[in-house]
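Here's the structure, in structure tokens; my notes come after.
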Amino acid sequence: MQPGAALNRRLWLCLGLLQGLANGYSMTPPTLNITEDSYVIDTGDSLSISCRGQHPLEWTWRGAQEVLTTGGKDSEDTQVVQDCEGTEARPYCKVLSLAQTHANNTGSYYCYYKYIKARIEGTTAASTYVFVRDFEQPFINKPDTLLVNRKDSMWVPCLVSIPGLNITLRSQSSVLHPDGQEVLWDDRRGMRVPTLLLRDALYLQCETTWGDQDFLSNPFLVHITGNELYDIQLYPKKSLELLVGEKLVLNCTVWAEFDSGVTFDWDYPGKQAERAKWVPERRSQQTHTELSSILTIHNVSQHDLGPYVCEANNGIQQFRESTEVIVHEKPFISVEWLKGPVLEATAGDEMVKLPVKLAAYPPPEFQWYKDRKAVTGRHNPHALVLKEVTEASAGVYTLALWNSAAGLRQNISLELVVNVPPHIHEKEASSPSIYSRHSRQTLTCTTYGVPQPLSVQWHWRPWTPCKTFAQRSLRRRQPRDGMPQCRDWKEVTTQDAVNPIESLDTWTESVEGKNKTVSKLVIQDANVSAMYKCVVFNKVGQDERLIYFYVTTIPDGFSIESEPSEDPLEGQSVRLSCRADNYTYEHLRWYRLNLSTLHDAQGNPLLLDCKNVHLFATPLEANLEEAEPGARHATLSLNIPRVAPEDEGDYVCEVQDRRSQDKHCHKKYLSVQALEAPRLTQNLTDLLVNVRTSLEMRCPVAGAHVPSIVWYKDERLLEKESGIDLADSNQRLSIQRVREEDAGRYLCSVCNAKGCVNSSASVAVEGSEDKGSMEIVILIGTGVIAVFFWVLLLLIFCNMKRPAHADIKTGYLSIIMDPGEVPLEEQCEYLSYDVSQWEFPRERLHLGRVLGHGAFGKVVEASAFGINKGSSCDTVAVKMLKEGATASEHRALMSELKILIHIGNHLNVVNLLGACTKPNGPLMVIVEFCKYGNLSNFLRVKRETFDPYAEKSPEQRRRFRAMVEGAKADRRRLGSTDRALFTRFLMGKGSARRAPFVQEAEDLWLSPLTMEDLVCYSFQVARGMEFLASRKCIHRDLAARNILLSESDIVKICDFGLARDIYKDPDYVRKGSARLPLKWMAPESIFDKVYTTQSDVWSFGVLLWEIFSLGASPYPGVQINEEFCQRLKDGTRMRAPELATPAIRHIMQSCWSGDPKARPAFSDLVEILGDLLQGGGWQEEEEECMALHSSQSSEEDGFMQASTTALHITEADAESSPPSMHCHSLAARYYNCVSFPGRLVRGTKAPGSSRMKTFEELPMTPTTYKASVDNQTDSGMVLASEEFEQIESRHRQEGSFSRKDPGQHMDISRGHPDLQGRRRRPTQGAQGGKVFYNNEYGEVSQPCTEGDCCPSAGSTFFADSNY
């Protein structure tokens, strides 16, 4: 251990123990092996005493100091202190050994704790008294002088080596014997004698007799004194500083008893040279005498610096005082920080000091400044004292020092940081404690503190009583609100929250120049009353806000309802109900305002307040209704049986707040409509009508409250029947196809409580009914013929537009089982459907807006109650058929359902949640809802915020690592084809059904898109396709439009099936009677209609191109025609996007291999992309790619060079080449090449294959085609049906599709949008995920209206109109 460290440890131990003693704490004392209070041995014997304790020990005894100072050889041999072995309870041990003891070794032997200054017997020390008997030397004291003063008694220290002797005290004139009262003897201390008996003594000796021999002690000379020194002072008291050549004057003064004598002596550096002179002075006062000695040196030098000591002695007492004299050669100023440049304080402190270490002579002038402004007041240059510290006290303080005479100036600055305990601002304003049931509520805590609180913690507890410490106001004697002292607070989470949590966000924003932390807890659906609190911390304090979240069905906890709700009519029964929540209000009362008292004598309106409503209103009798069981509100009803016009006026319901005792009131104005007698605005007139025509008669009525209008014909009541219609509250009579018997007298009678009014008219009918028989026959015949031709045309049109039934099943479903496993036409019958596992009740499914629709089906957003085996409401997507669907379309959707069941659950596949297949309604397939829509639209929207190397949060990186590590762990444990690849990442206990109200980590619309995100999306798609391949399923339409993006950057592969309108989607090109996504199809699929997992790998390469071009359409500017298909077959490929790294480019190239068997498997792609994502290799690749670009010409880009290099390394070259040639020694990480076993490194390099063909390098032959309406592509070019027929016929002539030679050229088409300005945040993402899409994929989705759907997490759009 270093000496400094040991010293520090000792000081720490000493201070700690002293502190413990000062505070009264007990301490275990050391113990001796000799337990007797006194111990007797004979001279010549050896003495050994061991001491043990809990702390380091030390010994002291009479004569020990002499041994240490003399260092004689004898003493070293006879007196030894050594360490010994301690015990577990007392680990420290010291043993004292004395050999050949003699009488002078008699005395007390103390063992004490070494680093504790206080030596307290029985606490910090232990001792024993040892007598070393020497019968020839019973007395062991030395000659000494005894000063006899005015004390009552004194000890004559006649020390003995033999205890129990009879001792007498002898002087020149008397002998004193111990009498046990005034004269006492102690074997350890000597003889105690009254001072009066010693006034005349000149000397004293102790005498004893042992055997026949008398012994006398050494004599004590007696000196009688009454001179007492009181105090001594040396001026100046502190150290004295001088310059060379200045005069030094020191004054040493002693205060002594009156008429005393004192001798002064000085000790100083120049004493031998007699540099100083001192002069004594004496001043007699009334009660004492002042004696001084003044030392003077007229011209000091460097030799005079040092300590100056003054000693005063009167023969009895001796006082010493010293000071330090410092001599400087020249003036100087030196200032340093004492505690560092930055000091901290807390707002509210009474005082803070800003100290500096200042050394200067002569004392300089000074000024303190704060932020370059002078600090007023009187201050000290050594420390600036600030009182009542506030946040405004923070700043930079500067001390300016200067000596104008010497031309010296120094400045030093200190920064004061004032820490402010956090404070929640919402506590200052009253907040509502009543919240409406099923409402969306936001609880906010805005806090400010220094340092800024790092987080805001939210807690909740059930609405149950808990102990409250409340104070009482002395004035009102009512309890104030106190913070409940509850111990059952729980952290707010999305899993076990009593009210579903939509989001919990915390951010920092600048308010009034201060950075404040804002935390918002959004409660999606207020269902249950609870207590919430937010807690904030920083290093100097904490604050919390308690929120009483009381949920009620009454708006604002207090409302008035009236029956009827509209203005009542005179004579109606009226009921006014005042409803108030029992938790908040009590003492309900009804009043009616007096109009005469609402104005003063001058007619001015008076201020109406709920506190004085009784002064302007009349109390009314009302009935308190009996509350229903479980009800938490009271209802006070005011009933008016027959309302009259004089009842019109203002009615006030008054309630009282239970806590504050404040009164609140609501006012309801009751407007009464006076009842009037009915009157006709128009009388009936006589009519003449033809037979088989229509007749209409009106009886318009004016006047309030018409209870009945009755029609009569020939004094017989006319009622509504076939051909006779009464409308508009019976004010209009209509007769269809008038007959002869309808002629007669018609009467309209209108009555209410005030009376009746009538009007009548005659109706005459002319013509005969026989004349219209032929007309009816002709009309009916014409109608039947028209309907027949219309149905015939409709059937012809449907047969032309619709594909065959088998085509519907196989053509509109993207994901199918491998035909090699199960034939397409047998897949629906082969797969089973378990009703008990997947059937979901229709009545618990609430359909919302349409997310997308196709020619035969549609996808609807819906709210499913309890689909996750709980009581929560989840937002789902429902696939269903349009109205009028055929049995074939029904079978196609059923096949899709069974395929989804067969596939099973996986994180990167849109999973099946349930289905409605029972015959009491339409067939509905319920799948997961992905709020961010398809990946293609998402990437296009995020182009503006693309930042390739933006830092990801630790949570995002944890998710990325979990994806890769989870995939590797599952593959190692169960194999890549096992169904257990469905990861547990963010999905709960292995279930695809999401837990309710999962809190989203962040809003993807607000975060920038990075290169790491693109690699992550690619990895997840590859993993999902690996799972589909393991389930013997083929997708056939793998593209970015069929990849959906969910929370936490999770992508899911979907199959829109019947819900995609391929007739309007420009990505589907007509081929014969079908429309196909040619840009994503492998050559064998285009020419041979062969769909395999290898053809899905080709589509995956095109998907990679889409991802790394940020949503661009493949083959930009290329005409999709016969020449395109032929060149694709011949090996021409797209150029890689600019954002693609070398590894990504190699993956694309390998996916586009002409030989399907040479393409990588999805398991290889998962491994490579996983390594890229986990290791961050894309960053290194980008740097190497930039270096590669700089060394190549613009004509031969990095993709071409890197691709050809990787393709054409032969096996021999690979064995002979150095390791650096293989992927830059990073083959295991796949940074600069793609290592597919047996895929890329094969065969020999074909001659002349140093470069590959791209579409833009070979000129396109301009050809004009006539575009039909249904042949649309995104490039504006079409490929007509007859062209495909030519391709197919030519292909049949050439033979079946075969792969090109490995050395064949491959072509990459360049296409990348302008990426300038990516850091601008898009405006469409500023509203929390609402996205507006172009018309390429459908119309803008609309949010669900209130009540139409269950609130979903984030309340965002589905983000894809084609779902």
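Just so it is clear, glycine is given a Cβ too, placed from its N, Cα and C backbone atoms.
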Residue from Asn582, Asn934 to which Swiss-Prot assigns N-linked glycosylation site: Asn582
Whichever of Cys158, Cys252 is disulfide-bonded to Cys206 when Swiss-Prot is consulted: Cys158
For the domain 'Ig-like C2-type 5' (422-552), residues assigned helix / strand / coil by DSSP: 3 helix, 71 strand, 57 coil
Tyr833 (phosphotyrosine) and His853 (ATP binding site), Cα-Cα, nearest whole angstrom: 25
Secondary-structure category, per DSSP, in which Leu851 (ATP binding site) falls: strand
Top Cα neighbour of Asp1037 (active site, proton acceptor) in the set of recorded positions Tyr833, Leu851, Gly857: Gly857
List of residues, in chain order, with Cβ under 8 A from that of Tyr833 (phosphotyrosine) and at least 6 apart: Met894, Leu897, Lys898, Ile901, Ala915, Thr917
Mean of pLDDT values spanning the topological domain 'Cytoplasmic' (797-1363): 66
Most crowded position, judged by CB atoms within 10 A, among Leu851, Val859 as binding-site residues: Val859
Greatest C-beta neighbour count within 10 angstroms, which of the recorded positions His853, Asp1037: Asp1037
All-chain count of other Cβ atoms within 10 Å of Gly857 (ATP binding site): 25
